[in-house]
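Worksheet: one structure, shown below.
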């Protein structure tokens, strides 16, 4: 019973089997493991056992395992396998996984990789690599089962059986015409329920939801989520079926897109995870920080412009960080609502205007409440009703403007077809700092005579 | 050909069919539509056509459609259908969807809903509602196919055919023993490839990856993502099979969890989307803002403590927003890395310490670089090397501390089993404001004599 083994227990069992050289025990163990488990074991194995482990695996198992590894590890394993075996693995790999591996390589390296492969496989990969990244053309696999509309259910099931091992999904059979154009789809469930002699054209769905080779991965994710599909077909401009995108790739896309939104919202730079080395992480974050440093200096020069005012009423400085901070916070809140909203659906001008109106009202409500609170605080703390008035008037205006900035800036970026999430939280915060200081000191200057 | 209709075109076709009363045209149209399309049409239909549309639909179609609607719309449709029809729809609904609908209701309302339903269906729902929300017990469906290990492949396929229409997934058949304990799994692909007379016990996988009824949905999402499963079985403490969670629920979970992370990181409050009304959105955001307002006042009182210093060197105020802002920014960056990292995997003490060490080095690198830059800027702008020294020393220290705060605070929350994302960006920013002002003014006080 190896039903409930932990990672470490599995690894120990493998080491034991390798050491004792019991081939049948080892094979029996492998049969129960998933590709992800195999990859975990490979990661956990001490270096000296890795090669022996790899040599025990046959090509299909190796292929499944390698697809679960990161790019660096994939290259390491391929190197260890040697030219002959690694060529076979490359031929067998899902073409979307292979395209993703080649993505990071130099053109010469790609060439040498592809040269060893079967002609038909390498041609497919080359074609895929021509599509822009994050499109359907790059995510699709050609391992689907197609049928013709004059097949009977029996013929379709027979074809499915032949391709069951090879196909990435056996849930859908795609119906194509004589020009390979996609004209229908039959689910495996439909086949199970249909009469064995029925014609495919009588049971197929004609309204196939498909995407183009150039469709963005975010759009594909939206369709799969809406329709709960296990796979979606990909067609070219002429409607010719080119491949399918399967749900497992889409779960990865959803996670990746959410992470990208968070990275951008926090301006934390591209792809920093727990394993990123410190200098790499630092230099990925620095560009944003240095930009924000210079924008921050603009705040400084605004204050320096109001030096005389500040010198006369130093108490003004006490409320500076709070007003600037609150304006930044409300902006970040609006920004997050807009960015996440845009990630889940497209919006038109009408919705955008409605949203701006909504956020304006939100700004007025939170501005008014904070303004009343702050008047009381400033009055009791500093004993000056005039200072209370300056502070509360400022917070009312800055919160309204801050909320609007957090809404309008990402919407403008969206309209300009720039990813709205680049208007990161820190950027909005820094811009709102500037707005808020300008407003605060301007209002303070008006009341300067009464403040002293 | 209704292959490539837009939403509006579909809706117009339905209105036309309804008006002309052509039943067969209408039914033909419906056959090609997906539940999501039906739901979209229902949403887009003018109020006067809605009832007529609903009355044309049979129970299975109504059930599929209703599961794609929001809770408010679901209730509206159920009301329109009348007692008899809505009871049938409730009986047919997936139990996870029904449990989610009942979730928002008062206990009396739930009782009246369940009372009309079939006894066996309502008992299942009642049991499900006992599990905490966001656990496997709440997401699972009981519409799976189980077999016994002494079945032949032929018997298994026959059972699958019988249940094909009813089951939520036909990709896996779960093998249970005489006590209903889960002992194996066979995929539909395995059945296709196996000999028709083979015994299930010879082809099944014994190592079934399963979750407990109390497993958190985030953990389930991780398993499904790793293993690319279409469904995962749910067992109780005794290992008895209770249900399955299917991938389509998990895609929704992944999106929901990412949105929750972003909401918390931006402190934007719970569930604000484009349709939320302004006062609701404002009052969801206010609690955080008011908390941050009071924390912001702490910064104010720190500055007021250094009033004498500030009065003597007003130029110190020029750099205040920038130093505070930069500390907040670097903290937010670290926070985002930690929160997203924790969302995708669990970490132990060793990894946590390694991460803190890494972020310390990151803080030193970015601190040193920004410090050199700022020294030059302060020196050339204000013409004072001492001011330059104060500002650059401050930024070095605050960036290191800010980076560490953004790392350590979410890690501590994680250790205390509090969701680390509640240490929102604005909260970290505000706390870092306080740190940075303390450091900045303390350093300035040391050099005060030379600054004047």
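For all residues, glycine too, the Cβ spot is worked out from N, Cα and C.
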Out of A:259-285, A:313-339, which range is noted as transmembrane segment by TrEMBL? A:313-339
May I ask whether the transmembrane segment (A:360-381) has at least three C-beta pairs under 8 Å with the transmembrane segment (A:426-448), counting pairs 6 or more apart in sequence? no
Output the single range from A:286-307, A:360-381, A:387-414 maximising the number of Cβ pairs under 8 Å to the transmembrane segment (A:313-339). A:387-414
Can you name the far-off residues of the same chain, 6+ from the ends of the transmembrane segment (A:387-414), with a Cβ under 8 Å from a Cβ of it? 313, 315-316, 319, 323, 326-328, 330-335, 337-339, 342, 347, 352, 355-356, 359-360, 362-364, 366-368, 370-372, 374-379, 420-423, 428, 431-432, 435-436, 439-440, 443-444, 447, 451
Report the DSSP secondary-structure composition of the domain 'CBS' (A:204-262) as helix, strand and coil residue counts. 27 helix, 16 strand, 16 coil
